[in-house]
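To start, the structure itself, in structure tokens.
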Amino acid sequence: MNVNVNGRQLFFCSCFDISFVIPVLILFCSCHKLQESLLSSASGYSNYRGILNWCVVMLILSNARLFLENLIKYGILVDPIQVISLFLKDPYSWPALCLIICKCLALLFYLWLQGTFGERLGTFLHLINLSTILCLPVATVLFVSSMTPVGAVFALAVYTILFLKLYSYKDVNRWCRDIRQARARTLARSLSYMYYFIFAPTLCYELNFPRSPRIRKRFLLRRLFEMVFLMQLLVGLIQQWMVPTIQNSMKPFQDMDFSRMIERLLKLAVPNHLIWLIFFYWFFHSSMNFVAELMQFGDREFYRDWWNSETVTYFWANWNIPVHKWCLRHFYKPMLKRGVSKRVAQAAVFLVSAFFHEYLVSVPLKMFRLWAFMGMMVQVPLAWFVGQFLRGNYGNAAVWISLIIGQPIAVLMYVHDYYVLHVQGPSAG
């Protein structure tokens, strides 16, 4: 038998026509095989770059519409002069700057304490000095009327960083004395090295920091350009987008109109989250890399892949590496060494973080509401729930939802209370 398949002549004996022809036809003519659809998890397909690009395009288009709607409704609200008034009430009074300069006195006093007194008395005076570092700016903010909330936040943040750095400095020197490292006292008293640590982008003290071989000028200029550009972008987005949305949210909160409150919350969630993401890049990438490059500080791990977080604990351990290292080194591990369980130690870390979050918000606003504190403490049961019941993409989605929705809730709570206390209260009286 003579069979033509794809232009080729195949010859078979007549007795084997059926048994040979059918397999050959299947081999040469079949266009199907056993396979899964690409979007099925069993297919093993993972190249979704086109879908990611589509999401980015849709995000840009949707936000462009919102931005255009904002311009049509409110006009141009960006005012650079108004930014200066956020830091200064009186151009001849600079309380926040004076407060920051005073930290140098606290630092010099601390260095004097290190080598003047014995271990016990020095530790006692060290605790008093640390308490003063936290309490002095609070008293200044509360009793100096020319201090603005934004200037107070900046000053308190500087003093909080100084507090954490000096706590680490004291711990490391104590550890070095315990293991009798002869060089520890000499290096610990070095004023220039101490000031290097104070300005370095880290909270954890070491006797020898990793150093980069040289300063890369192009890298430095790129980071500087990013810092300037993103700062202008942040100010513009806050003035043009967030402020009108927050102002329009006051009436639904006063009337307790829950449907309108939820609508305002969701409307605020988009600009708030976008501003938070830009701030993250501005601070943890551009600014900290700029400082690190300028000081030739070698450890540039300021963040990890928190955007892939499948649990709440993974997010908090990876989005702010300097704070995470400090908590792990000076708080979490010492508690474990004292026999405290991991769950209790983790809850204690969240408790300390909640205190500092509330400290940096309530004091500048001059009101005690605990919204930031409760927002941080809610992370403990949320972390347990996500870790127990959600996995993979579901856990990652839960982390993103908590970030997108949780922050604007706290913003609206504080703004509403501040409006009632400082705006509506005086006008009503």
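Here the Cβ of each residue, glycine as well, is placed from N, Cα and C on the backbone.
What TrEMBL says about this one:
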type	residues	note
TRANSMEM	6-30	transmembrane segment
TRANSMEM	51-72	transmembrane segment
TRANSMEM	92-112	transmembrane segment
TRANSMEM	124-144	transmembrane segment
TRANSMEM	150-169	transmembrane segment
TRANSMEM	190-209	transmembrane segment
TRANSMEM	224-244	transmembrane segment
TRANSMEM	265-284	transmembrane segment
ACT_SITE	His357	active site
TRANSMEM	368-385	transmembrane segment
TRANSMEM	397-415	transmembrane segment
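For the transmembrane segment (265-284), the most Cβ-contacting stretch among 51-72, 124-144, 368-385, 397-415 is 397-415 (pairs under 8 Å). Touching of the transmembrane segment (190-209) and the transmembrane segment (150-169) is concluded from the presence of at least three CB pairs under 8 A, sequence neighbours closer than 6 excluded.
Remote same-chain partners of the transmembrane segment (150-169), defined as residues 6 or more beyond its termini with a Cβ less than 8 Å from a stretch Cβ, comprise 86-88, 95-96, 99-100, 103, 106-107, 110, 126, 129-130, 133-134, 136-138, 140-141, 188, 194, 197-198, 203-205, 323, 326, 329-330, 356, 359-361, 363-364.
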